[in-house]
Amino acid sequence: MEGKTISLSFLFLSLFAIYVSSTSLQYQTLLLHSLPLTQLQSLDFDAQLLSGDGSDLDPDNTLSLQLHHVDLVSPSSFNATPHALFKLRLQRDAYRAKAISDLAAANATVGRRAGKPHAGGRDFSSSVVSGLSQGSGEYFTRIGVGTPPKYVYMVLDTGSDVVWIQCSPCKKCYTQSDPVFDPSKSSSFLGVACGSPLCRRLDSASCNRKKCLYQVSYGDGSFTVGDFSTETLTFRGTRVNNMALGCGHDNEGLFVGAAGLLGLGRGRLSFPTQAGRRFGRKFSYCLVDRSASSRPSYLVFGESAVSRTAVFTPLVNNPKLDTFYYVELTGISVGGARVPAIRPSLFKLDAAGDGGVIVDSGTSVTRLTRPAYVALRDSFRMGARDLKRAPDFSLFDTCFDLSGKTEVKVPTVVMHFRGADVSLPASNYLIPVDSDGTFCFAFAGTMSGLSIIGNIQQQGFRVVFDLAGSRLGFAPRGCA
């Protein structure tokens, strides 16, 4: 059977080679920017958000968050080289991708659920910047928690539901950039009663002296445990009251830097589900190009989140797991030609909840099922055969030595979703991995049936989550 699969892959690749040899491949120019030589810097706080309630900082007086692309590294890594930091980021990214795949597989087996608003209310908006010097695949947002608000960094994550923050007293807390939140100093903090409807929304809940306790575990062994509560979140001048919030007293694993996590998934306890009534269940973000870290962009909630230039694909429901944003990927083109071996069946979400394709803000590198990745990689190698090869780097097996060059021509890559063709900028799939001119093809294969569209491939697009219309959109050059 394995030999038959290899033969079929070879046949499809041969057909692709014959096709491209008789036609002109489409190329685009990649301007080369290696990783900077600057050492890792600690998080810079947004002084504007730390002064007063911040309402005077927003000319439109809209509800706002400050979003940063930052590093998930320990203090001992502050003097690490860009090469080492990038490798660390990829290792942590691999943990996350495996955890997502394991979760999807487990829920397809047991049918676990992850943790009808009307349109209206004011829009939310926030600036987005890249933190290339920190080397992270995560994006952080600055949120005020409690009354009076204490501003902290929270991870922005469309692959998670529960909103949680580290709280004192700590049984065990990891290192974070801000002081640990003290719920006893907030007048709006309220514990959730055990057995209440809100407590029953949790997938994993227990009781302690009639108080509802939550627990969120991740596939890499990380977990957070504590009191389930409601609390006020403040976004510059605007307060969002009574948000379900995990107040974690025992938080262990690979967490570092941020105070907690803002879950933007599709589940019952996510921020979009809880607060969707305020913004019509529509939000979007643009994760800026890591090579243009000084250029800001925006995270937007509300009607203005829907870009006029976006192309949309329907969201696909997985009845076994409601957290992730599933879409239908039908194929991929390289150099203007569809790769024959990349068929829609490779990405099919079956009746048991296995397989499929999700769009995730927290995973950096796009993972494709192994047969699809091999076909994509081989097609790209063929189109880029004039570029000097370099040794593999971490999970990347297609790298090039582009030292001494300022620009190169690379084959185009287009991802074909149902109803939406998304043409990727060259910088979204050939990325620097060191300061010496090594660039790698930024896709990877997975033995899991689940494929993940990561944030490297999303950068520069405004990605629109229109939950009211059950669709997801991509708008090119959406960070302006």
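Cβ from N, Cα, C; glycine included.
Note on D157 (active site): other Cβ atoms within 10 Å of its Cβ, all shown chains, come to 23. The active site annotation in TrEMBL covers D157 (among others).
Per TrEMBL, active site is recorded for D360 (among others). For D360 (active site), applying a Cβ distance below 8 Å and a minimum sequence separation of six or more within one chain yields I100, T158, G159, F324, Y325, I452, I453, G454, N455.
For 139-475, the entry in TrEMBL reads domain 'Peptidase A1'.
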Would you mind giving the whole-number mean pLDDT across the domain 'Peptidase A1' (139-475)?
92
